[in-house]
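Copied over from TrEMBL:
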COILED    2-57  coiled coil
DOMAIN    213-577  domain 'UvrD-like helicase ATP-binding'
BINDING   GLY234, VAL235, ALA236, GLY237, SER238, GLY239, LYS240, THR241  ATP binding site
Amino acid sequence: MKKSVKSMNEEKQQERVKLEIRKTEELYEKKHLEKTVQIIKENIKEYEAKQKEISAETEDLYDHYHSDNPELHNQLLVSLDMKGIIYRTLFKNTNALDKPYFGRIDYNEENDNQEFSLYIGKNGISNGNSDIIIIDWRAPVASVYYDSDLGESYYLSPLGERIHINLDKKRTFEIDHSQLIDFYDTDVVANDEFLTKYLAKNKEVILGEIIATIQKEQNRIIRDTPWHSIIVQGVAGSGKTTVAMHRISYILYNFKDKFRPEEFYIIGSNKILLNYITGVLPNLDVYNINQMTLEEFMLYMLDKDFNIKKRKFILQDSFSKIQPNRKDVTLMRLKRLKGTIPFVKALEQYLEEYETNYIPTKSVNYRGQIIYSSEEIKSLLHTFKDRSLGEKIDILNKRLQNKVKLKNEMLGEEKEVIRAEVKKYNQFFGKKHVKIDVLEVYESFILDAKEHREKYLEANIYLPEGEVFQQLLYDLDHKVIDIYDLSMLNFIKKKLKISVDYEDVNHIVVDEAQDFGVMAFYVLRQLFPKCTFTIMGDVSQNIYYDTGMNDWEALQNEVFSPEKDQFYVLAKSYRNTVEISNYASRVLRKCTFKTYEIEPIIRHGKEVNLVEVKSEEDMVQETVRMLKEIQEEGYNTTAVICRTVEETLTVSELLRNHVKIEQLEKELDKTTFTNGIMVLPIHMTKGLEFDSVILWNPDTNRYEESDADAKLLYVAITRALHELHIVYQGELSRLLQ
Ligand SMILES: Nc1ncnc2c1ncn2[C@@H]1O[C@H](COP(=O)(O)OP(=O)(O)OP(=O)(O)O)[C@@H](O)[C@H]1O
């Protein structure tokens, strides 16, 4: 049906009005931006001058500083403090100059007619010292930008109180070089459009910040309270690592009084990954965080109680884990045992017995009278059951001494006599600093488990037969140790010794958590009972099939509390194109384990490129051709992914004759992620991403039709952002057919 002339005119009129409004708004936003940029420039000038001034002042104070002058010392401290504040403010303003903000929200609070119009940026900026002109993205109210639709809504204060609001406007800006490029209102443009623009870009060799495009489901995780632990299952590329880093920034900003960066630990499965992910932290205003592999962390906590170098032990080479010798059933059963909770529960039971044998619980007679009865001693041990053996001994000694003192006072003894009598009992129950070698205790436990399996079975702790423990003793005899042994040693130390080594850990972030057996988390919880955790992982990416986690049940129910702690699922993948995501999903569907479906963000790219060749020589030729093409396309990062370390080294050399390949470090773990072409074994690409990936020879020999190999292939495939090429010879792995 034709439109009437009248309605066409009305439409035109409406269009004109819309355009007019848009023009006025644009003018307003341009002016606002100009004004903001002007303020930032003035701030920079002001703080640069202040920086000069304070630097001169501190230098002067240093020159006149004598350690015996407390006044100067205090002045120096104040001056250094000021210098820090000025430096950070200057840094924020300089950082904000290019893109001062990315969002705006207009709202009014319920019960208050005042209209607020707030601009949100990566850095909170004030006009001089007073008015806030840009709200920091971490401020509680900024949550509205990420979370709320127009209309009635609320945000949470840091204390968890709901602040009800009415949201009138949500605007997103594209700004570059301090100039307004474009802006969209939420009711006009889907947020996805802005996001896909961002995702289409090439990636850098450090993780990027996503402050301007944090998605609703990610925002919930970032802003969840740090008073409980969270576990996040997220498909490959769903932003787990990114979200974890933003969460740290959020916690440190909003809970400054309770959480200090030095008390944060980021634990990852390898050094390349750690360097890659922590590279984003300065951009998120996070400094002085600790980052370690689990091996390093466990050794750090053991400190003098187990010095790996002095004891001449070697850490089980993580690369050897990559191709387990499945024919050796005992070895495999040992691995499977080590990652599980019964392994540490058995040790827990053993240590209880150890304690019973260590501390005398017979009634204590003094001057012909029982002054400390066996029941009382046992009851005290029960009350303090969570304390270490050393602490229990200390408490018992003190209690007994008190009783001796009281008895003597009742008998009217002289002070001198009382003191001497009390002194006699200061080590009645033993020395509080127990002289125990944690490794010896561990070995004695293994022997006990080997010899007395039925005792543990009776306590419902299922342990395998003696030969598995014999294998473990053999490894230790040959000075080979792994993260699970180190966890056990820490557990022994914590249960038996008085130590300050476990203090000052307030929050632990574990990335690629599925790579660690649930037992490691059980131990971490015991070592740091007051600490909360942010645990990120994807059970489909567990490449240590025998030891790592293939589901979350035990972690959720036996280590954490399903009532108190939170479990989240992230299903959207922001990394891969639809074509690559679909290809990865196909592999997962071939597995027997529970899988989490990937929902790709709609971003299309080339189809996955499968090339069959006749010989190894052809494979090299084809790969070189692909690499040259990729380079011409202008991509920054490319990986040729091999199955094993040996293969990586060979392929590296073969390709090096034709194209520039980035050099790997002799100690592979020290290699850093760089631009260009890297040849890497799968397990070293964990958590990383590359513009394009070439998967080297995934044939039936290299990848069997098993769950373990499917997980490896899934990891390799999902590393690719834009392009995935597969070059193979012979029969393609069934998992890819
Ligand atoms: N909200 C977002 N906006 C823009 N980019 C995002 C967003 N969320 C994630 N990304 C991007 O998606 C990619 C994958 O993120 P990240 O590496 O954190 O995922 P992951 O879940 O840890 O992946 P994997 O399990 O494979 O290690 C990164 O390039 C990240 O910048």
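Just so you know, the numbers here start at 1 and follow the chain as drawn.
Keep in mind that glycine also has a Cβ here, set from the backbone N, Cα and C atoms.
Taking the features listed in TrEMBL, we show where each one sits on the structure.
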{"residue": "GLY234", "record": "ATP binding site", "contacts (Cβ under 8 Å, 6+ apart)": "LYS240, VAL243, MET536, GLY537, ASP538, TYR568, VAL569, LEU570, ALA571"}
{"residue": "VAL235", "record": "ATP binding site", "contacts (Cβ under 8 Å, 6+ apart)": "ASP538, SER540, LEU570, ALA571, LYS572, SER573, TYR596, GLU597, ILE598, GLU599"}
{"residue": "ALA236", "record": "ATP binding site", "contacts (Cβ under 8 Å, 6+ apart)": "ASP538, SER540, GLN541, SER573, ARG575, ASN576, ALA584, ILE598, TYR714, VAL715, THR718"}
{"residue": "GLY237", "record": "ATP binding site", "contacts (Cβ under 8 Å, 6+ apart)": "SER573, TYR574, ARG575, ASN576, SER581, ILE598, GLU689, THR718"}
{"residue": "SER238", "record": "ATP binding site", "contacts (Cβ under 8 Å, 6+ apart)": "ASP538, LEU570, ALA571, LYS572, SER573, TYR574"}
{"residue": "GLY239", "record": "ATP binding site", "contacts (Cβ under 8 Å, 6+ apart)": "ILE210, GLN215, GLN218, LEU570, TYR574"}
{"residue": "THR241", "record": "ATP binding site", "contacts (Cβ under 8 Å, 6+ apart)": "LEU207, ILE277, ASP511, MET536, GLY687"}
| query | Which chain neighbours of the ATP site, leaving out GLY234, VAL235, ALA236, GLY237, SER238, GLY239, LYS240, THR241, have a Cβ atom within 8 Å of the mean position of the site's Cβ atoms? | reply | ASP538, LEU570, SER573, TYR574, ARG575
| query | If you count Cβ atoms within 10 Å of the Cβ of LYS240 (ATP binding site), leaving out that atom itself, what do you get? | reply | 26
| said: I'd like to know the mean pLDDT over the coiled coil (2-57). | reply: 87
| request: Would you mind pulling the DSSP three-state label for THR241 (ATP binding site)? | output: helix
| field | Reduced DSSP assignment, VAL235 (ATP binding site) | value | coil
